[in-house]
Amino acid sequence: PPLPPFSPCPPHPRAMACCCGGVEWDEQVFKPRRRRGCTDVLCLLLLLATWAGMGTLVGLSINKQPSLVWSLIYPQDDYDQYCGRPGTSTSELPKKMFPDLDGDFQRQLEFLATAPYWEYYKLELTSLCAESCPQGTSLSEVSVFGGPTYPTPEGENVTVPTYYYTFKTRDVLGYCLPLTNSWQAGEVELCVSPTCIEANETCATIRSRPTEQTTWEICSSGTSELECKDQRAKCDYAVIELTNQEFTPTEATVESTSYTRRFGSYLAIVLGAWDSILDKYWLVIVLGMILPILLGFFWMVFLFLFAALIVYTLMFLLITGLIVLSVILCLKAGWVPDEAVDSLTQGVELVTSGNTTEIIQAQFIEQGDDAHLYYYYVAAVCSIIVTVLATGFILFNLSAVRRTIAIVEETTKVFRSIPILLVWPVIPLVLAISVAVLGVFGFYFIAYPTVWDDASSTLGLSIFFLLGLLWTLEFLQAAHYASVASATAYWYVNDSAKERGCCHAGIGFGRMADSSWTIISRHLGSMAFGALIIAVCQVIRVILHAIDQATKEQQKKNFVIKLAVKCAQCAMWCLQKTIEFVSTYSYVFVAINGTTFCRGCRDTFKLIVSYPAQTAINQTIKKFLTLLISWSTPVICAVLCFFILDNDQSYKENYAPLYPALTVFLGGFLLSVGITTVLEASIDTIYLCAFKDMEANKNGPTFMSNDLRKAFGLDVAKEEAGKKAELFVPAEARKQQNGIPGNRASANNFVSP
């Protein structure tokens, strides 16, 4: 039943909170879902058809060559047998080992010397199936691999060589990878002083140092505890002898096993890194996943309190950096006279120690040949121009900077009302990782050289699948961006005005779920449209990169070819970044207005033409904040992880703290990038809603909060909103003038996103 007309706080239907004064906003700023239609449906159908085509290609590839699936599940030996595959002669031999690594490496020395490391997968290694991974040479029972008893494919007369394997191995996903062939023989405590003769003890024999025969063993085998105590008491100086023993066949030498030893040492580092992460997995989870989210909350509070300080500091650092770069390039170009260089040197010497003159001359004023001077000359001119333009632009648009600061502060209120925004990026991140993993496997099936009849078919189908994969990833990103924009716009028209007296009791899950459903049920076609354009640019860039790699030799001989390839790559990069910029704003317009993607692009161009300075300032400050948060957060998490583990002596004895710290950095970076993406979407949405609010209401902005209204500066707001009048009217009066109910609106007037 409807609430009484003067109910003080009608319940919020979806936001898991209560919000006083839900209103019907007449679609002035944000169009409710019930008033929207489906947009760009053909693009969504095309995306669905692409997914169907990708799935069909993967199915056909597997059907043409099912061994591709078996090779992912079961290791394969040299005789095309799958280790451990049921129903085969090797079903009882589930492990794959490499019994002749040194021989394989020696036969391919030329390839190892010339090939880059990422092409090492092309090495042809002898491999056999084994019942279990070898644990080194057995002195009581000979370990033989291969030989006449080794199973071979039916109908093939094959002689399998016999191998004696001496290395310890470790089972990694069914592969027996070598580690070492050393055995720890134990510790021996030797007394050096007094000598064995002086102490009246039996002299010890040290095989590695046969000439030194004056030491004696403390607590040798058969010595009682009392005798050990007496021996330690009369020994003034003792050492510990650590012995590692190796057992190899008589025909083996150190040289013949050198490559396996080296490979084993590298593998031990990799596996040691993995073990170091697993040993403290709980710490990695806490610092790599939970702490970044908590730091995201901290950053939002910090921005709310000190947004102006942070933004002005970033602007100052930008201008200072440009000035320093210009000075360095001028010095390199030889523009500064010797007197100025001497003064600079003396000034540096006053605040530093050491021979700074040589440092400055070596680093800043080394002139080189004329060609280098010319390059420095051009770079110095460009740097000075950029510095002057950037400084002038910022100084002449300080009012726009103040408005951006107000928008950032207003954005932090969104996170206060909808705190789940900081956790929401986990969902698209998990989806993107899942799609990427499935895409890699699908690409493997389709692009495998022997699946299709000719190379041109393989290339064409691979490009199609790559386009579909990139399109899907961009589609997920677009839907996430638009969902955040929808929730933020809904917050702007319902919760932003301070006079509404909203009291929030939830985390905003219902609000985010409802906004996401608005995008899913109405605008997935528009998301697919924008994602397709970006994906096409990415595929073209991949093709250009492949052309660049394939024409390296031609580029060395012909400068025109090199220039053309590099210019094409640069142009495509610029085009992609421009399209991404327009697309992000278009997603926000779709989320706010419920329009098509093309209409959103048109509105974006109108926005840029109407407010070029404000848009440029917004983008600059937004990128600086993104850079600051997305890098400082993982650095803090990784440093804290390293500090904790570095002070854990029991952990340091077995593992290196570096690898968990790097894992924490990676996890923190991914999450912080997701959080900054939400921040960017919210800033763009508040920006568009605020200016749309000013333009749509002739008597002044209706939904703008008092804080944002005050920070904008009414004179500037009047000019940029078309010189609308009566901007000083309080929010309650503005709503009444525009025919919108005030705080006493009933629950029936509430409109969902």
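Keep in mind that glycine also has a Cβ here, set from the backbone N, Cα and C atoms.
According to TrEMBL, the feature transmembrane segment maps to 41-62 (among others).
Residues or ranges marked as transmembrane segment in TrEMBL: 281-307 (among others). Away from its own ends, the transmembrane segment (281-307) comes close to residues 405, 408-409, 411-413, 415-416, 419, 422-423, 625, 629, 633-634, 636-638, 640-641, 644-645, 660, 663-668, 671-672, 675 of its chain (Cβ-Cβ under 8 Å, at least six residues beyond either end).
Look at TrEMBL and you will find 314-335 (among others) tagged as transmembrane segment.
Annotated transmembrane segment per TrEMBL: 374-400 (among others), in sequence order. Same-chain residues lying 6 or more positions outside the transmembrane segment (374-400) and placing a CB less than 8 Å from one of its CB atoms are 315, 318-319, 322-323, 325-326, 329-330, 332-335, 613-614, 616-617, 713, 716.
Annotated transmembrane segment per TrEMBL: 421-447 (among others), in sequence order.
Feature annotation from TrEMBL assigns transmembrane segment to 459-476 (among others). A Cβ distance under 8 Å defines the sequence-distant neighbours of the transmembrane segment (459-476), meaning residues of its chain 6+ beyond its ends; these are 47, 50-51, 53-54, 57, 428, 431-432, 435-436, 439, 442-443, 446-447, 452, 524, 527-528, 530-532, 534-536, 538-539, 542-543.
As annotated by TrEMBL, transmembrane segment applies to 624-645 (among others).
For the transmembrane segment (657-679), the residues of the chain that approach it from at least six positions outside its boundaries are 272-274, 276-277, 280, 283-284, 287-289, 291-293, 295-296, 299, 411, 421-422, 424-426, 428-429, 477, 480-481, 484, 622, 625-626, 629-631, 633-639, 641-642, 645-646, 648, 651, judged by C-beta separation under 8 angstroms. Annotation source TrEMBL lists transmembrane segment at 657-679 (among others).
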